[in-house]
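Taken straight from TrEMBL:
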- 474: active site, proton acceptor (ACT_SITE)
- 195, 234: FAD binding site (BINDING)
- 191-300: domain 'Acyl-CoA oxidase/dehydrogenase middle' (DOMAIN)
- 338-489: domain 'Acyl-CoA oxidase C-alpha1' (DOMAIN)
- 533-665: domain 'Acyl-CoA oxidase C-terminal' (DOMAIN)
């Protein structure tokens, strides 16, 4: 015991001596070195990262439309005290919701902001002007509203995009004249009662019943069981006066399927109407400025005219009439207008990724950590190859997806009844991939900002909770991607059966020969748009053929078509991803080819190559199905780092091209030292 004690005492003495040697100043030289130490200071990234291209030109490509209208709305919100402006650093003002408020307070502020926007003409023409320009302006302004607060844009979206669009597209002239103008002016507050406790994505399975009473010419809407209660209905808990109710239409004992009805749920005093019960959904991980509620209908009677009858109608005597005889086609036509919600989600997901990347990139261009030489300066975060690998591929993806979102909006405003299928497929695919990618981006940016990413005022962390819901509303992403694969399979089977060429969904490439991929991939080959397009087309072609073959195999074994599809879900997932990435690449490539400014064109080429290389590096299907050899896959991985090096000088100019005003970013995107000084405590 004595020896153990003595050895322990000796070790303690040695440690004390070592510590003392660090603390004692042995000579004047060491003292002068210590006194010469300087405190960290903030260096503005713009001083050392000049742009090689004009960010304004790139912004017009990425935003696609209504740049001036976006800036007008950004400034309108920034200058109003309702949007919680705060002075934090360098005299900069930042605007963001007060997330410390209770959900009741957040909901009240959401309504006050909507009133302000209404009085300032933001919603003018949103339902009463059907022109392409008005529709695109609405899309642009909603994207800006989402940059400020997801609760705000969702609350507005439920009223205009769900309730308003349902009346506009499901209804006819009688509904338009009665409801659209009052909706645009917020004389009525609408919500959208589709989802139920027991049914979300499976709209056909909703259990609410609307029974026609020919003696009174009314529909009787009823919640027959607890699983049929309408659930997650935005606006229902506190504010909505009316709702669109999705219910099974029963006439003379026959179920005609799901239809939509207008029902009043609150009176002029804000109290629930007779036979209407409303409850709260509770606190959420985000979106607490939206009053999600639950609704029960206890044999509520509504006039026959409250059926939205653009697809089907019920005559006074109870006769059911529709120009579309096939129930499946009728249901598809009925839901087709709802794609507008997925268009909005796609664009908003991309915009929020831009916000996070602008913050994280600017921080990485001013924050230093560690040095690579003794007594040398600390290194900027974005000069570390590992940090470049974290952020720069995400920059490429968000730029490419921004153009894809613009493509989707253009497709929507040019839509025709014949293009409903394409609109459904593209909106499903792009909504799923963009919202998934948004969550990946937010998480990576949160981590890239270190501890500062946890602070609510720095936005990135709080945005994760606010935007997580995008993965499951307006269609669960996994379900949407399965629908994409089903549509591609149906197109393939039809073409094979009729022996005709492919003419839609971008599948025309399958009419030509199978692309040949070089055995050895050089740097120039990897950056060639022809190679990139060929590889993505080869993957999609092969996966579609494999998928069709596997489904056919299971059917030959006696399985139903539906069961065969379910058993082939792995191929279905790979195919849907391949379709989405090929479509996205082609859209960006087209935008790149139309650019005249050589410096911008060069950077867009680098972004395109980074997008392709990252997709290959992160997706097992290229190796799994043999499209690339192991050596070529390794070459692609090295190319990702080479592209990071090439894009690093352009990082600041790229995020500047996003067009997000400084006030919608956060303190760590600027002078984060000043923002955290003792003197600035009162502004936090």
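Backbone N, Cα and C define each Cβ position, glycine as well.
No curator has checked TrEMBL annotations; they are predicted automatically.
The DSSP breakdown of the domain 'Acyl-CoA oxidase/dehydrogenase middle' (191-300) into helical (H, G, I), extended (E, B) and coil residues amounts to 6 helix, 52 strand, 52 coil. Cβ-based neighbour count (10 Å, all protein chains) for residue 474 (active site, proton acceptor) stands at 25.
Within 10 Å of the Cβ of residue 195 (FAD binding site) there are 18 other Cβ atoms, across all protein chains. Other Cβ atoms within 10 Å of the Cβ of residue 234 (FAD binding site), summed over all protein chains shown, number 25. As a whole-number mean, the pLDDT of the domain 'Acyl-CoA oxidase/dehydrogenase middle' (191-300) in this prediction is 97. Applying DSSP to the domain 'Acyl-CoA oxidase C-terminal' (533-665) sorts its residues as follows: 111 helix, 0 strand, 22 coil.
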